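My questions all concern the structure below.
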Amino acid sequence: MTKQRHLFTSESVTEGHPDKICDQISDSILDAILSKDANARVACETTVTTGLVLVAGEITTSTYVDIPKIVRETIQGIGYTRAKYGFDAETCAVLTSIDEQSADIAMGVDRALEAREGQMTDAEIEAIGAGDQGLMFGFACNETKELMPLPISLAHKLARRLTEVRKDETLEYLRPDGKTQVTVEYDENGKPVRVDTIVISTQHHPEITWEQIDRDLKEHVIKAVVPAELMDEETKFFINPTGRFVIGGPQGDAGLTGRKIIVDTYGGYARHGGGAFSGKDATKVDRSAAYAARYVAKNIVAAGLAEKAEVQLAYAIGVAKPVSISVDTFGTGKVSEEVLVELVRNNFDLRPAGIIKMLDLRRPIYKQTAAYGHFGRTDVDLPWERTDKAADLKEQAGL
């Protein structure tokens, strides 16, 4: 069947979006705990609404952290510092409801089923079983230098730039909440050729005109981020298309941890297993295995074994080894997918403890991932973005 030209759209949000506030609070608490207790078990959920933050979850740790203080510092860092924004770091109420991790779950995670049944020794690897059942996907493609799909890459860069011009006061009338969306046109060969549509909605001071916002965002945000050669006279721009965005943040919408899982990953370009990341320590395979799957997929593409690769991992609670590993190259593979799966098994330890060791995940590195995407980041050093396995994969594949 002949491929046709088509459009694909992805979105991102700024750090001041209500759901992203929650992700950042949850990961700030996680980082604070991990900085003192690397073996802590953390599952921390946050919700925000007008004047209120609720932090709930299960945390098992030997240390103490001041959760309300962390919450307020995080909100302040985002920029909600005045009551007229509808949400203020100093005056909002902070409620906490924290329990310990279930003993039933801990029993499966502390020593994996294989260790309990004598199939492997604790000395072989710290015998950590998966903290839950589930399926996770990782993806990479050669559309950008960071091996990410172009639509989500541009959407994240626009969202980050929107925050930069607010914080450095280039556009001092902007407020923290905002969203971006980019539609890319692909040719008959599936290659991105142009940007078709850009949508930006940003919270702003009530007295600023739409005309000024439109002019300023095109000049200081879009032109600064989107390569000129990707835009043409047919590219459409929708800047604050409702005409006004004054009420925003938690005053405009309640927020929850884990409600921006497509923004966090590949913008809908690849499949998603459904599990969120923020607030979870690395024994939760929702997070660690999704990072490992990205690491695997990125190294496959970096090795030139495929132009795009999607890796699926699946786990059973309390069992260390993945119950399945699959690779889909969408017809772009230089070797068969069976060969790729075998290469993955031989080069990556995808048991939870193996992932933690391979990617050094017991560190406070998570808050920086909680806005602007967990993958394809060039502004921070994330271990799952390394391509240090690519040369070995290429050699073993005989290419």
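Here the Cβ of each residue, glycine as well, is placed from N, Cα and C on the backbone.
Quick paste of what Swiss-Prot says about this protein:
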- HIS17, ASP177, GLY178, LYS179, ARG244, PHE245, ASP253, ARG259, LYS260, ALA276, LYS280: ATP binding site (BINDING)
- ASP19: Mg(2+) binding site (BINDING)
- GLU45: K(+) binding site (BINDING)
- GLU58, GLN101, ASP253, LYS284: L-methionine binding site (BINDING)
- 101-111: region 'Flexible loop' (REGION)
Nearest to GLU45 (K(+) binding site) in three-dimensional space, by Cα, is which of the binding-site residues GLY178, LYS280, LYS284?
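The answer is LYS280.
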Non-local Cβ contacts of HIS17 (ATP binding site) (under 8 Å, 6 or more apart, same chain)?
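Result: ASP177, GLY178, LYS179, GLY249, GLY255, LYS260.
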Across the region 'Flexible loop' (101-111), what is the average pLDDT of the model, as a whole number?
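For the region 'Flexible loop' (101-111), the model's average pLDDT rounds to 56.
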May I ask for the distance between LYS280 (ATP binding site) and ASP19 (Mg(2+) binding site), taken between their Cα atoms and rounded to an integer number of Å?
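Rounded to a whole number, the Cα-Cα distance is 16 Å.
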How many whole Å apart are the CA atoms of the residue listed as 'Mg(2+) binding site' and LYS284 (L-methionine binding site)?
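A Cα-Cα distance of 20 Å.
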What kind of secondary structure is ASP19 (Mg(2+) binding site) part of, going by DSSP in three states?
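DSSP call for ASP19 (Mg(2+) binding site): helix.
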Look up GLY178 (ATP binding site) in the DSSP assignment and report helix, strand or coil.
strand
For ASP253 (ATP binding site) and LYS284 (L-methionine binding site), what Cα-Cα distance in Å is obtained after rounding to a whole number?
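Here the two Cα atoms are 28 Å apart.
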